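*Asks:* The structure that follows is given in the form of structure tokens.
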Amino acid sequence: MTGSLWLSLALSLAVLAQFKVSAAPNLVCFYDSQGFQRQGLAQFSMTDMELALQFCTHLVYGYAGVNADNYEMQSINKRLDLEQRHLAQVSSLKERYPHIKFLLSVGGDADTNEGNQYIKLLESGQQGHRRFIESARDLVRRYNFDGLDLALQLPRNKPRKVHGDVGSAWKSFKKFFTGDFIVDTDSETHKGQVTALIKDLSAALKQNDLLLSLTVLPNVNSSWYYDAPSIAPSLDFINLGTFDFLTPQRNPEEADFSAPTYEAVGQNRLGHYNLNFQTEHWLLQRVPANKINIGIATYGRTWKMTKDSGDSGMPVVPSTQGPAPAGPQSKKEGLLNWAEICSLMPNPGNTNARGPSAPVKRVLDPTKRYGSYAFRAADENGDHGLWISYDDPDSASSKAMFARVRNLGGVALFDLTQDDFRGQCTNDRFPMLRAIKYRLL
């Protein structure tokens, strides 16, 4: 074959490779296995799972944990994972869905048995790393998963404080010279340990043709812990937790957009609390765009409004009192799943409702830059006030377009069990998942 023919073939293959990347973006579906144990309308079945898998390219089972004593990866719900064989039940779906990659995730803020076991793992040296790597590979292989998702539970940025203009000016000065409020004085050492762990873990998994992905949890400072240029070659893809920038647990006294696409300027907001900043950070670190998946949540964050919060609902909302009461399905303070949020929107069934069942006022974002919110001002007694920041199918679709236009790897959905998987709102099952998939096509 002549040199010109070789060159022509090489160029053709390069074009085809680019087309393949752009034509088949990732839709990484996280599955919190706790959903299988919920009751009533919140219970997520294997039938629900199979419907969702029509839209996913990857299914990530959450979550395993780390034994703080010996640094081995282990189940944190042995009754469900092992005794009821739910791990095997989920991975067995590979037979019917061979085009989907099934990964097992470790960490993900679900491993609450020990406060700092992930830092201990990093500091455990080669012997501790080896125990973790061998146990992780064994667990992944034993239950026939295609790889491992590493969702390290590392120290978080300190939340934004509420203060006036003078405090804001001092904060900006302090941040410029000292960074984003240091929470880990050994972060540079830990960054090197993370790099070593990822490289060794990747090498071990590759021996068995297993995948390795990294999930960067919300409010973990990527620049502290991840040497992006060094670890990117060892990772198949990276899921960015680009949501929960503000939550009622971290920011109880004021409510604001929890997952904006772009910076919402003014009012003492921090410039890195948005999807665009986090994505650009990784791109500027020379990480290939097609390895980056942006995260979208299927739930909203909810604050309790008081009489002092006013009645406009316009963020930033002052004088909130932490998390709003839990929803009837999700049963977690400060959080409502998409079906619960949708049920609070004005509809024939709640027109005359009062108290906690009264409808909320929905405020859309026509710019698609910051996100939608909904609220119910507190009544004359100061009760039943509610403020919700959320993504809906429209804004999720817009974020998927963000990924597509920038030639990113795709989207990671957190998670399937918080979507309206029963179609309670509009009879459309998995509306968030579908909206993202259709935009990525």
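Placed from the backbone N, Cα and C atoms, the Cβ positions cover glycine too.
Straight from Swiss-Prot, here's the annotation block:
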- Cys29-Cys56: disulfide bond (DISULFID)
- Cys342-Cys425: disulfide bond (DISULFID)
- 25-441: domain 'GH18' (DOMAIN)
- Asn221: N-linked glycosylation site (CARBOHYD)
- 309-331: region 'Disordered' (REGION)
- 1-23: signal peptide (SIGNAL)
*Asks:* Can you tell me how the residues of the region 'Disordered' (309-331) break down into helix, strand and coil by DSSP?
*Replies:* 1 helix, 3 strand, 19 coil
*Asks:* For the C-alpha pair, I'd like the distance in angstrom between Cys56 (disulfide bond) and the residue listed as 'N-linked glycosylation site', rounded off.
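*Replies:* Their Cα atoms are separated by 28 Å.
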*Asks:* Neighbour count, 10 Å Cβ-Cβ cut-off, for Asn221 (N-linked glycosylation site): what number do you get?
*Replies:* 21
*Asks:* Work out how many Å separate Cys342 (disulfide bond) and Cys29 (disulfide bond) at their Cα atoms, rounded off.
*Replies:* 21
*Asks:* Which secondary structure state does DSSP assign to Cys342 (disulfide bond), in the simple three-class scheme?
*Replies:* helix
*Asks:* Could you check what DSSP calls Cys56 (disulfide bond) once collapsed to helix, strand or coil?
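*Replies:* It is coil.
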